[in-house]
Amino acid sequence: MDTKTQIIDYDGNIMEDLKEWMIRNKLANLGFNYNVIAILGSQSSGKSTLLNNLFKTSFDVMNTKLGHSQTTQGLWLSFDTFEDSSAGPSEQGSTTRKVNPTLILDVEGNDSKERGDNRLTFEHRSALFSLALADCVIVNLWYHSLGNFTASNYGLLKTVMEVNLELFQQDENCPKTILLFTVRDWFEEFASIDIVKNKIVEEYLNKIWTEMKKPPEAEKVNISNYFIVEVVGLSHGIIKKEEFLKDVENLRQKWINQLRPLQYSRNIPSDGFAHYCNNIWNTIVKQSQLDIPSQKEMLATFRCQEIKNNVISNASKVIKEKLAASSSQHSSTSIDEFKPWAEKEVVEKSLDEYFVDASRYTESICLKTSEELLDSLFIQLQTIVDNNLNFTQRVLAAKFANELNTMYSVCASDKNVFLFSKESNLQVRKDGKGGSSPSAGDKKDTKDTRSSQDKCIRLWSSFLLNADKLEYNTLCKFFEDYQKCNIEVKKRNKTHEFNYKPSLSILSTAICKDLNRIRNAQLTVLLDRTRATIKSRFKNMESLLITTKNPEEYWNHTLKIVKALQESINSNLTKCFINLKGGGAGPGSITTAGIIPNGGLYNDEDNTFHEDNLVEAHNSLSDNQTGHENDHYVEENLLNFHKIDVIKNKGKYISTVGEEIDKQVKNKNAIAELNSYYLDEIMDVLKSKLDEISDNLSSIIIQRFESVFNYDDAEQPRQWREISMAELKKIFRESKNYAFLIIDILQKNVQVEIIDDYLPNNFIKDEIVEKGKNKAKRKIQEMCRDAQYIQETGAKMSLKNVPLFFWVILLILGWNELLFFTRFFFRLNIILPLFLAAAVILSTLVFNGNMEVLSIINKAVFFLAKNSFGVYRQLQAMGGKAAQGAAAD
């Protein structure tokens, strides 16, 4: 294992592998439990040899046999873990304490002839670097050089003290640096160590301190405020080697038990030591002002960011695994399990991992970076929260649509036409909710059809209110699930609330789309039933055409139907149309976004109602719902956020949809436009009915002709054989004129209010009129010829004209043949058909001239005759079997 490494080379470049070296030697996780010693002194003064004996290091030493030369170039770093030593008895007992490792910095010797005149720059930099890092600076000097300037390191001491003041003058809590003077080749016989120490302190340190140019605030400060001065004498390493080794061992124990700080005095955690060295050296080389507190802050920022990134990297793996699991299988349990998992497995675990190392650095920076860590974790956790909330919103949106569909399924299944009641549902109830509902007695008395109709009308009249309440309940459930996702950060004593707005926007949009879809579907059902009702009121238009005698009568009657329909629809269905279609100029002008989210908040403390001002911005009318669909979604989202605020504040949500509907009911312009819409629908159905009548014009003309031509004033069938030819022609002319009067009626050559705005005079095309007239003329002429034929031949064909004696002679002469045929018929079992034939003859005599009745009788007789043959065959077979059985007996 490489127990030493060069951190700064001869050219003054800092090496980049210090961190890896510390990690390999298990020095990066010591926290503050380590120390740093640097040694300064003249070149070839035995610094590396002293360190090797004192701390069991392996720095390169000079081979004197090869001559004096520079051995240590730049700065080298090694360590001693003191595994063979202990810190001695503890205060509480005889147990020994483990000794913190010490990093040993071997600095290139000063006064080097190899560097020449450039040595001062490197010496100053290395001294500054050593003082910035070391708890203890060893000043290595020879005893016999104490009176010299260069050899005694007087200049080096001055540099050390100036640099130390430069470094720590701004730090009120600056750590004291241990200045350990190792006096080499010292003999007790020369002078005691106390005299040597006094000489060093008085003639060197105090003198230098007095002569130094100090800032005003340090003028009266004693040198002891910055340094702890220790002097140790070491015997000659060659002449008295055993004593030298003994002195070194004593110094080792003194370091372990007395001089060594319990923790690194520079307050740099070991994991940031390499980066701190890099920053310090680069600042020194750039000849910038070396500000130790700023350097510590820079290091704290760097290390806290580095620790934060490592923690985030570890947490990201856990979050990704959870995200993959939650994406593959969504359920309500995943939402319930999220909060404890996120709090313990992600947030608390990450904070604990972060503070293990980061807490050693500047507190303010550590805490600030921990907030950044939390923010980063929350951003990643937001993805899982979004997944959970998106699952929730999909379930809730589907539930909303299903419940609303189920609520209105009865309306979609009922296809009956409306049986309008006289009571109007436009009345506003005193409770402000609008609408009217039948009393219990009325419900018992109404029929099933009317009961179903009333139920549908009540549902349609409160569609927006029901949807609003259902939407609010949906948002309450959404917010309940959202609150399960919020995380409590116990170490911060706060709760983090995730962003729910994207999921709420999706939910609001889905609700709005489903609401409009169901609303449009119900509007279609309402329109279909309304049109069917209108059509049923116009079903007698054809019958009226057959009996009406002038255009004024026909169109006045039609106008009464139109007005009655308009009034009935307005009285019974206006609230339905306001809810499903909207009031105003165009479809959807009363939109879901404009009314549904319009709610208020009751404050439980003062019971006062606070109306949201946003509502006023969403009551405007629109001519095209499709063109503003996106705007409606935006409005829906904004107002649903308002509902969430109501839920957050635990207030009472009071829907004002009923009040908005009532305002529309009282709005004369809105009602007028709805009435215009009703009239448009009524007239569309009327036009369709008139088009249908136009297509069947010939049939109606013929029916009008038959109603006069075939029946007299008493509505009895005419007996053409009793009517003369002149009278027949007169009846034909009157019937024809009456029949073709329908054309003048349909062409509406009269002034009729309301209807004139939709149907112009002569609205039936001439081609259709001519085609119907021609077809009707042919049929009328055919009917007239039939009447003439009956008139001419009816009397001759009558059996009443045959003389009585003819029947007597026929009976006498045909008696035998009559008996023969009678026996024959009974033998063949065809007596029933004969009776049927007789019935035909009889009916002919009775209903002579009534062609329709005769036709019906003939068809009935033919059917009975056709089916009676098989019956008699079966009876004949049964009779034959019975005869055979009797013969056998």
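Even glycines carry a Cβ here, placed using N, Cα and C.
DSSP classifies Q43 (GTP binding site) as coil under the three-state reduction. Neighbour count (other Cβ atoms within 10 Å of the Cβ, all protein chains): 20 for Q43 (GTP binding site). Annotated GTP binding site per Swiss-Prot: G41, S42, Q43, S44, S45, G46, K47, S48, in sequence order, evidence recorded as sequence analysis.
Among residues of the same chain six or more beyond the coiled coil (679-699), those with a C-beta under 8 A of the stretch's C-beta atoms are 527, 530-531, 534-535, 538, 541-542, 545, 558, 562, 565-566, 569, 742-743, 746, 754-755, 758-759, 763-764, 768-769, 771-773, 775-776, 779. Swiss-Prot lists 679-699 with the feature coiled coil.
Residues or ranges marked as domain 'GB1/RHD3-type G' in Swiss-Prot: 31-277.
Under the heading topological domain 'Cytoplasmic', Swiss-Prot lists 1-801 (among others).
The topological domain 'Cytoplasmic' annotation in Swiss-Prot covers 847-889 (among others) and rests on sequence analysis.
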Reported mean pLDDT - the coiled coil (679-699): 85
DSSP three-state assignment for S48 (GTP binding site): helix
Neighbourhood of G46 (GTP binding site) by C-beta distance under 8 A, where only residues 6 or more apart in the same chain count: N140, R184, G237
For the GTP site built from G41, S42, Q43, S44, S45, G46, K47, S48, further residues of that chain with CB within 8 A of the site's CB center: G109, N140
For G41 (GTP binding site), nearby residues of its own chain (Cβ under 8 Å, 6 or more apart in sequence): K47, G109, N110, I138, V139, N140, L141, N153, L156
Spatial neighbours of S48 (GTP binding site) that are distant in sequence (at least 6 apart) but have CB under 8 A: F59, D60, V61, M62, T71, T72, D106
Number of Cβ atoms other than its own within 10 Å, given for S42 (GTP binding site): 20
